[in-house]
Every structure is written in C-alpha cells, then in structure tokens.
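Here it is, the structure, as structure tokens.
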C-alpha cells in the first residue's frame, strides 16, 4: 500500500506541465536517435549531461529515461523498413520484420513492435514498481563484501557474455579498469598514473570515453571500413493488424516481457540475450513455423512481437539494479548513473529513503513515457522515416559537432578534445578486431567502486580475505560469477552468437 | 597476424606500465590494510594474462570467433583513409582553435571538415550550414543551459 501511495505522489509530480514537457522532449529525441544509425541512447544522454548544471534533477532524469525508452521504440522502425538495425538489440526484428515488410506487411510489423513495446514497457514498469522497493530493502543489509561480490559479478557478466569471445571481452574490461585507475585515489589521496599531466589528476570522465568510443570511433570506423548501405527502403503499408495478428501477437508480447524483465534486472549485459531467447521461444511455440526466416517464409509476426517486447522489458529491468544498488549493467545505464552523480545523488538502497520523491516521480514518468511513445510512434512513423533522408555527411558532421560540445562543455579543455580523438582511434581498433566496447565503460565506472568496497570490506574484517567466502551472500554471488563464465560456452554450443548493444 | 600480435603485446606493455607505476606510488601514512598499489597490481596481472593469451591466439591462427566484418586482409575503403584524415584534422583543429576563434567558427570548421570527409564536395555551403547549426546551439547552451562556450570571437576583442 505504501508503494501505491508513493507512486501517487510520483504521478502528481510527474504530471506537472514542465515535467511532461521534459518527458515529451526525451521521447521525441529518443525515438529520433533510435531511428538514426550511428547514434545511440548512451551517446545522446552523454551529450546532454551538461544540462544537469541547469535543469532540476527530476526534469533531467525524466528526459533521460524518455531517451532510453524512445531509442528502443525507434530502433525497431529502422530495422523493419530498412533492414539495418538502428540498435543492435533489434537485430532479430530486422530479420523477421524486414521479411514481413518485403512481403507487403510493413504496417502490421511496425504496429506489433510499437504496441508490444508499450505492453512490455508498462508491465515491466509495474514489476519495477513492485520489486524495486523490496530489492532496496534487502540491499540495505548489504555490506562492502556483498557489494564487492556483486560488482565483480557485474563486470564479469558484461565482459564474458557480450561479444563473440570472452577473452576479448576481458581485454576490453582490462582497458576500462585501467582508465578507471587514472586520477586521485579516493582512499589514500595519492594521484595515480597521471603521467605528470595535470588534466589527468581528476581522472577521465566517463562521458569523454563514451563520446570518444561511440561518436568519434564510430564515425572513423564507418569511413574506413563500412560500405554505404544502399538497400532499398520498404513502402509503408496500413498499420492495421488483423484479428489473427492480434491473436498471435498478444501471447508473444507477454512471453517476451517475462523473458526480458528478469534478464534486464540481472547484470547480464544488455538486451541481446533476452531478444534472442524470446525469438527462439516463439519459433518453437509458433503454429506457423513455416513463416519464419529460417524456413524461408514470409516473416512471422510472433518473431517481431516477442523480441521487441523482450527488448523493452529488459531496458526497464536494468533500472532495478541501477536504482536499488547503484550498479549499471549497460553502457546507457552507466551514463545514467553519471547523471545521478552530477546531482550528488548516489543511486542505491538509500536513494529510496533520501530522494524517495525523485525515484517515484521517475517511475511514474516511465508509465507516462510509454503512453507518449505509443502516441508518438505510430502516427508519426512517416516523419521518422524522413529522418533517414538526412545526407550522410551532414548527419555525421552534426554528431561530431555535438560530441565536441559534450566533451568541451564539461571543463573547457582542449586536452580533453584531443584525448577524445585518441580514444576514438582506439575505438576504431577495437571495432576492427571485434572487441566489445561496453565493458570499457562499465569497467572504468565500476572499477573504482569495486576497489573502494574491497578496501572497506577488508578494513571491517581486519585484513581477513576469507570474509568473501564465509559470508553467505557474498560467497553465493561469487559462486554465481564462476557459473557465468560458463554461459558463453553454452550459447556457442547452441549456435547463438551475440553482438553488443551500445 | 602482426596487427593482432601487436594488440596482445600492447596490452602486456600497459600491464607493465601499471605494475612499474604502482612501485613508485608515495608511501602511505598511518595504518593501511590494503594500500593504493594493491588493486592496480591486480589490474596489471589481469591485463598481462589477457595480453599473453591474445598474443598466443595471434600466433596460432589469429583471434578466435571473429565476426565476419573483421577480416584482417580487408583493406580500408577507397577514400576511407583520406576521409578519416579529414575528420581527424577537423577534430585536432577544433581542439587547437576553439580557445582562439571561439566555439561557432571552430565548430563550423569541424562541421565542414567532417562533411568533406564523408564525401561532400561543397565546402562553402558546408561551412554555411555549419554556422547555421552552431549559432543557435551557442545561444541555447549559453543562455538556456548555462554551459558557457567560448564566444564567437575571442573575449579580448
């Protein structure tokens, strides 16, 4: 009941005209960047972080959440009409939805993706409302040893499960941990690895690395190695779904949600696993297996409905560890954490007590955001498609200009801009040799947290390392970490290859 | 696989830099259970092991499970290198010039250089579009968001 009362307070704060406006802007921006190739939610939120200096936390966080959600909605539009997934978690949608579009069923594919995202997003937000306070209460009992174990689990999963090779995932993680080492050590006050450069004493900002890898790296890589896509665009058809479309979509949406939410809320590295799982589930359960891409069919609507729902549900699910434990499980969540920190807010169990109103307003804005997106998405789909007509030179030049603003705006340093360029070239190298990028971001953010918790845990135990084995929660989380290392083998054995999401 | 080997060796070098650097941290005062150097050592060992394993893979047939798009023999696209050079030049330019000629001009220059890198052949038009884009941004960030970008021309004028 207390939850309901809190949520009511949240709604009354979220429904003020000014906060509604931020939600609206966020959803619009999010959908646009979801549609556009080469720019994702992590980058967009990173570029907009400077507004945290001026806008109040509630408004800014509502907008960022809208961007996060909107990008999932927008990504499906590009996949269905163009067969180039705007976000890599919409790869399955690109497979099945594009096939439907090629056979004159673009409208129903878009409709099932959008309505499915709405249904999944709303159910997942209900689950978030119910579970997040419970997890937060539980997390209040966690000490440094437990936190350390959970952090180790998070970066192990992000690097081991994403990408084709666990070893390359670990290489990316190592780079991220190394970047995280640079700067003042918060416990001892010693400046580490600054190489005598004064700019490095404060450490390297996560935004700088994200913008370097995602915006600059992506632009350079696409110039050097990516052929321009000349794939024809499919014509829009009426969005109307037939009775049989509905009958086949609804169970797929529900199953997708149930698969997506738990995967999002554990640190399992993004939306790929649940979307692939949902796709293979739908293929097994469908009464029309001959329509799926694998059997050279015309495109099965379940194959769009399920994965799209799973995708959205997992995006919501990833807010659970972010809000209750302060642990981001994807690059976008990592940037959202940075946004909280800009306001001196530390996500974690205490956030529900110290900034309860903010949290519940954010949760309420998720319900509202889903409605806004449903309303924006379907009627405006023609407009979104037009976005794809921006000439490639101007789109990329614009992204680079925004990257410059985002990085320079932080502390007006030319050094930062050059560092961004260098990291961009590093990103080209990583992409060229198939190293996943997200572990770098997660590693640089979680590494210092892990070190701090490790030291605190050992201070409490007076230097006894056995504390990680004797405390039941910490020990079982570390045991789970070992199990996670086996997951990629299982996936490979079943022929599933994952690619990362930004 | 020389490039792949270079990556593996590069990680080993970073690992060595971390380890040597940790040796040179100043001594800490007071009672310390886990010093500032311990965790960096752990990261160094981790990176070192990953570097050795990647080098081993590079020497024995190359990295495993590479995605299709990462065929090492594939050359850069025609025009790719000069395009990347234009973008790089634009970014270096903006870094060096932004404090001299201000945000609007420096960013418009970056816009034109990047557009050129991506295949546009109309520098004057690109520069004009750049200015049309950056002027409102400049105004929005300075007036609306309180992020002060360097002015159109340097403050000393």
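Glycine residues also receive a Cβ, built from the backbone N, Cα and C atoms like all the rest.
These came from TrEMBL, pasted as-is:
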- A:20-441: domain 'DUF112' (DOMAIN)
- A:20-49: transmembrane segment (TRANSMEM)
- A:61-82: transmembrane segment (TRANSMEM)
- A:109-135: transmembrane segment (TRANSMEM)
- A:147-167: transmembrane segment (TRANSMEM)
- A:206-225: transmembrane segment (TRANSMEM)
- A:319-340: transmembrane segment (TRANSMEM)
- A:360-381: transmembrane segment (TRANSMEM)
- A:393-410: transmembrane segment (TRANSMEM)
- A:465-487: transmembrane segment (TRANSMEM)
Which one of these stretches, A:20-49, A:109-135, A:319-340, A:360-381, A:465-487, has the most C-beta pairs shorter than 8 Å to the transmembrane segment (A:147-167)?
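The stretch with the most close Cβ contacts to the transmembrane segment (A:147-167) is A:465-487.
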What average pLDDT is reported by the model for the domain 'DUF112' (A:20-441)?
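Taking every residue in the domain 'DUF112' (A:20-441) and averaging pLDDT yields 85.
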What stretch in A:109-135, A:206-225, A:393-410, A:465-487 has the biggest tally of Cβ pairs under 8 Å against the transmembrane segment (A:61-82)?
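Most Cβ pairs under 8 Å with the transmembrane segment (A:61-82) come from A:109-135.
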Which one, A:20-49, A:109-135, A:360-381, A:465-487, has the most C-beta pairs under 8 Å toward the transmembrane segment (A:319-340)?
A:20-49
If I count Cβ-Cβ pairs under 8 A between the transmembrane segment (A:206-225) and each of A:109-135, A:393-410, A:465-487, which range comes out on top?
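The stretch I would name here is A:393-410.
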Which stretch, A:20-49, A:109-135, A:360-381, A:465-487, tops the Cβ pairs under 8 Å count with the transmembrane segment (A:393-410)?
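Most Cβ pairs under 8 Å with the transmembrane segment (A:393-410) come from A:20-49.
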By Cβ distance under 8 Å, which residues at least 6 away from the ends of the transmembrane segment (A:465-487) in the same chain are close to it?
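Same-chain contacts beyond the ends: 142-143, 145-146, 148-150, 152-153, 156-157, 160-161, 166, 457-458.
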